[in-house]
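Database features, via TrEMBL:
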type     : residues : note
DOMAIN   : 208-354  : domain 'V-type proton ATPase subunit S1 luminal'
DOMAIN   : 369-407  : domain 'V-type proton ATPase subunit S1/VOA1 transmembrane'
TRANSMEM : 375-394  : transmembrane segment
Amino acid sequence: ALHEGHVVSAQELTVLLQPVFTPNSRNLILFLQDRLSIDDFTYFSESYGNKNPFQNQVNKPFINLLQEILQSSPSSLVLPAVDCKATRYLPSFLQESGDWKLTNITNLDVSQLEVNTSKPNLLVVQLQPLLTVFVKLYTFLFIDKIIGRLTMDLQERGINFSVIYTAVKPSRISRRTDVVWELRRQLMATEEEDSLSYPPLNVTTGSDICILFYASNFSLKANNSVFIDLTNATFVTQNVDISSSECSDINTTLSLKYTKPVNGISSLEIRFLMTNKFYGGSARNWSTLDSVEIVQDGGKFAKFNVSVISAPAEYSFHCQLVGTSNLYPARLIPSNNEAKNWDVFISRLQIQGFNIENNQFSYASDCTGFFTPGIWMGLVTSIVLLWILAYGIHMIMQLTTNSRFDDPKGPALSVPQTE
């Protein structure tokens, strides 16, 4: 029995998932998203006036498809709220719970998936991250195609499987009852997310910290097939070598070296190159992330140029989404052919390579500007409406009335053509 408002802990989730690890459940599919809440389904249904807004490739509503799976399956479970720590380490927990053959599925190779039913299979599908509200609906449509394509394909092959659809973090955070009294008349007040679950990675020179680096999700994808999640190794277990990092007042390099991060890659090094320069236009020093380099197995070298990642030298830099996608506000642009084989995704990035005080991040300069696309759309629309109003008032002011009128008892009024 699940009570309203209850958040399932990691220990409770372990107990609830025990029926999955049975001899009959030899295939497990994990659809993992960055942010998701059950309220998202209700939100889009109400906002867009469509009871079933999600349509997959087999022309079945997405919500109905989930209901059919729940009703036809021998057992099912829906958890409205799960602890973030439990879902964040769910892939690692699943791998440790059985002798699974791990397969990372991307959007491109779903149709070419080969499942060996003689061995237990763990299929991990990293879904596309959700961005703004306007893009969410189309992202859900794309995600629905992936889920529908994979599940229907396995059903047609006669392969039995279990499915887990979850996210690393919730997209909506409910306000706690113990803080409601503090927000009595603050109608627009919202509760901020929980504090960092792990400290940022730091590089020290002597006793002082010269580089701070944090991300809630740090992932790579090689050749559109191999997914590499470096979040846990970088920040939690810190199974990363940072000895090659360099610090100075002008140039700073954050070097992250990983040993066998995934099968098929023996070594991986990621370098963040930052500079501190004086710019006469602003009459101050600015810290800039100039490039990001990836070295695979000591030979394959990929280099990315960076856009929009800069901040005053005394500040840190923060951005919600950083990566190679065109939809991200801060982009990593491939500068050589090898870089085109890599996809980078970093969420909630915060980095500082200069002027660190008290061994903690300084005030953050965010990548989102003041004039967002919504503000520009509002300004343009307002200008057009004001122009129409001004033109209408001008035309009304040009109207004139007759100064002379016909007298029915007198002679007819004669108006010269010159008037």
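The backbone N, Cα and C atoms fix where each Cβ goes, and this holds for glycine too.
Mean pLDDT of the predicted structure over the domain 'V-type proton ATPase subunit S1 luminal' (208-354): 89.
Helix, strand and coil content of the domain 'V-type proton ATPase subunit S1 luminal' (208-354), in residues and according to DSSP, is 10 helix, 93 strand, 44 coil. Each residue in the domain 'V-type proton ATPase subunit S1/VOA1 transmembrane' (369-407) gets a DSSP state, and the totals come to 25 helix, 0 strand, 14 coil.
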